[in-house]
Amino acid sequence: MPSSAQNASTPNTFFTASLAAADPEIADAIKGELGRQQHEIELIASENIVSRAVLEAQGSVMTNKYAEGYPGKRYYGGCEWVDVAETLAIERAKKLFGAQFANVQPNSGSQMNQAVFLALLQPGDTFMGLDLAAGGHLTHGSPVNMSGKWFKAAHYTVRRDDQLIDMDEVAKQAEQVKPKLIIAGGSAYSRPWDFKRFREIADSVGAYFMVDMAHFAGLVAGGVHASPVPHAHVTTTTTHKSLRGPRGGLILTNDEDIAKKINSAIFPGLQGGPLMHVIAAKAVAFKEALQPDFKVYAKNIVENARALAETLRGHGFEIVSGGTDNHLMLVDLRPKGLKGNISERALVRSGLTCNKNGIPFDPEKPFVTSGLRLGTPATTTRGFGVAEFKQVGALIAEVLNAVAQSPDGAAPGVEESVKKRVRELTDRFPIYS
């Protein structure tokens, strides 16, 4: 048996061992993921690359602290420093979006939307949202999601001829179904939202108006997209995507009564202890988004998206609604005789990361699809500009045109050639170097 003196002198590696020493398998996985992010061109519209400061905050000792409740009103002691972090996050979010109230505790986009439902609706109430097949989101009433199981979802859609939302039809539908809540926002809609008209429609039927700006919040923060905050009763957003922060949620409102309901819905309604390390990282990201260079970043996202869309159109690809006014686009692959799943795999093999996506009135199943969704936030963060995105568009077209001529959905020679050129591009724009 070792003596107590020997125990006291034994190094305590729990506080000193590196990840590589403590868990080499996970360390290798992280190293591999860093390599993937460095050497591939990230075109998934919902992804971005955070700053080293955000990484540092999220990996901090604040992960150790439980803090049920809100700043100054916690159920645990020792919360003085996490109170500082959460208060900074709240105040910065309010300043960034011009809102009077902000809740920074939602752990995810799904939970932030669930909190609004819990705060403003009763099970069985009717609400309206954009159909998932037309560019909406699972949490806006998909039958497989809680929002579609616990509530009555009435979906509006887009016109067949131009793939745009018909606001007159939204008004007619609202008058017919008398929803308690109307949601604007989605995951694959590339054109502006008429927030003023949506609010007028909501008011005409006595409904709340909610905007889920998860995808375009960074563009709102950067001043290149209209803000929904002056029009909506409540606005939700994730803190990653175009906002370029850690993965999480944020709820904004200018109504004090709604703010109180939202706070109660988050805690104790849906969540217990908030993730204080993530909230600290949110605060860092909000500060970054308040800087003048973030406006330049947001402007570049949109310019790059338009350049990518126009390049693809120039190579014979159809873009849903004819183009984009934000950070994303849907590519209709049907004229090329391609499917989304096959196209996604070919592009990933070529170093171009994207996702298959349904298009409006898509005849294919969700795991097949007739489209691709492409976005520019992550690669814009790296420093790619219009010239580089024109190159990216040409590379995408080269791969897909080759795959369209292949009977087995692959073009190894072209894919390998494109992958080398992708590597040359990404080497010019390193991350975390």
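Note that Cβ sites are derived from N, Cα and C of the backbone, with glycine treated the same way.
The (6S)-5,6,7,8-tetrahydrofolate binding site annotation in Swiss-Prot covers Leu132, Gly136, His137, Leu138. Listed in sequence order, Leu138, His140, Gly141, Ser142, His155, Gly358 are the same-chain residues at least 6 apart in sequence whose CB falls under 8 Å from the CB of Leu132 ((6S)-5,6,7,8-tetrahydrofolate binding site).
In the three-state DSSP scheme, His240 (site 'Plays an important role in substrate specificity') is classed as coil. The Cβ neighbour count for His240 (site 'Plays an important role in substrate specificity'), using a 10 Å radius and every protein chain shown, is 25. What Swiss-Prot records for His240 is site 'Plays an important role in substrate specificity'.
In sequence order, Ala45, Ser46, Glu47, Asn48, Ala214, His215, Ala217, Gly218, Pro377 are the residues near Lys241 (N6-(pyridoxal phosphate)lysine), counting only same-chain partners six or more apart with C-beta under 8 A. Annotated N6-(pyridoxal phosphate)lysine per Swiss-Prot: Lys241, in sequence order, evidence recorded as sequence analysis.
The Cβ neighbour count for His137 ((6S)-5,6,7,8-tetrahydrofolate binding site), using a 10 Å radius and every protein chain shown, is 24. Sitting within 8 Å of the Cβ centre of Leu132, Gly136, His137, Leu138, and not among those site residues for (6S)-5,6,7,8-tetrahydrofolate, are the Cβ atoms of Gly129, Leu130, Asp131, Thr139, His140, Gly141, Ser142, Asn145, Gly186, Ser187. Within 10 Å of the C-beta of Leu138 ((6S)-5,6,7,8-tetrahydrofolate binding site) there are 17 other C-beta atoms, taking all protein chains into account. Every protein chain shown contributes to the tally, and the Cβ of Gly136 ((6S)-5,6,7,8-tetrahydrofolate binding site) ends up with 25 other Cβ atoms within 10 Å.
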